[in-house]
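Single-structure report; data block below.
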Amino acid sequence: MCESRPLNSQSMVATLTSTPPSFLPLWRRKLPTYNPTQCLGTGKEALEISSNGYIKTNTIDFPEKGISTHPGTSSTPRPPRPRRIILVRHGESEGNVDETVYTRVPDPKIDLTEKGKAEAEECGWRIREMIEKDGANDWKVYFYVSPYKRTLETLRHLGLAFERSRISGMREEPRIREQDFGNFQDREKMRLDKALRLRYGRFFYRFPNGESAADVYDRITGFRETLKADIDIGRFQPPGEQSPNVNLIIVSHGLALRVFLMRWYKWTVQQFEGLNNMGNGNLIVMQKGYGGRYSLSMHHNEEELREFGLTDEMLIDQEWQKTARIGELNYDCPMVNSFFPHFEDEGCIT
């Protein structure tokens, strides 16, 4: 078996700097710096000062990992994580009350009903009331929204609850769009397809010319990685501020939000298929726990989470999430204990 040893950083630097540049492979030569994402100031300033005000040193820092390449030096501190990630399903749409709309109007262009607009505005005031109970004066909200018309309209009416100074930004995010059911939909064929989905399995059944929930999972995974990177580098912080009272609000669709939770908490396919859809204009709150991780149990009670479809195992995990620190693993995960039946002989709790 080969044994890998950590390299001494000083010897690495000496080796690299002692080699004439012309003899270095191209990938190891120092090339001119070009940063297309930062256009202000000089190239040196772009390297030394990030968009969040972090001063860069000669070491290579990775704020998303909280580490530095030089041992013995202090790493750049993490910016405060947002207090909440709030998931909002769009208000009632015309397609929710009349399925024939899908046969003549493209899914991304379906409007909200008047009831849906009222639901969205009410949701906004509910969110504001929840945030104000924190007692903080510097709170702000940042929005991610699906590009579908019904979600954009939901955000527009939800946003009536917030003045401009409270909104730190918004981003239209195509990866959190609705599951694709296949362009214009034939009503009777769609009913048949949905019946087949129940027989085949809600997660893996792919609609003809459309997507399965598994396909949505793949693009939600990409969005989650972007979101986590944005959180780790403090993308939502106003310039010069480091406030722990930022609240992220994701306005999307029922299935996409359930898949988002599945991906975030690493729920199984079976656990996903037991979840119930959120009502129009309703929300689910992921709130930062005592150790920095997000837990549904910080805001919701057991009855609410069971109504949504969480099982005993999922509820136990949410309680663990309340106190666990970032980066910790649940080595007493009840799902592991229940998956392997022979663990019962060892007295493991399932």
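Using N, Cα and C of the backbone, Cβ positions are placed for all residues, glycine too.
Record features, source TrEMBL:
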type	residues	note
REGION	60-82	region 'Disordered'
BINDING	Arg89, His90, Gly91, Glu92, Ser93, Glu94, Gly95, Asn96, Arg150, Lys189	substrate binding site
ACT_SITE	His90	active site, tele-phosphohistidine intermediate
ACT_SITE	Glu178	active site, proton donor/acceptor
Which listed residue (Arg89, His90, Arg150) has most other Cβ within 10 Å, given these are recorded positions: His90
Cβ density check for Gly95 (substrate binding site), other Cβ within 10 Å (all protein chains) comes to 18
Counting Cβ atoms within 10 Å of each Cβ, the densest environment among the recorded positions Gly91, Ser93, Glu178 belongs to Gly91
Would you mind reading off the Cα separation of Gly91 (substrate binding site) from Glu178 (active site, proton donor/acceptor), to the nearest angstrom? 14
Rounded to a whole number, how many Å is the Cα of Gly95 (substrate binding site) away from the Cα of Glu178 (active site, proton donor/acceptor)? 13
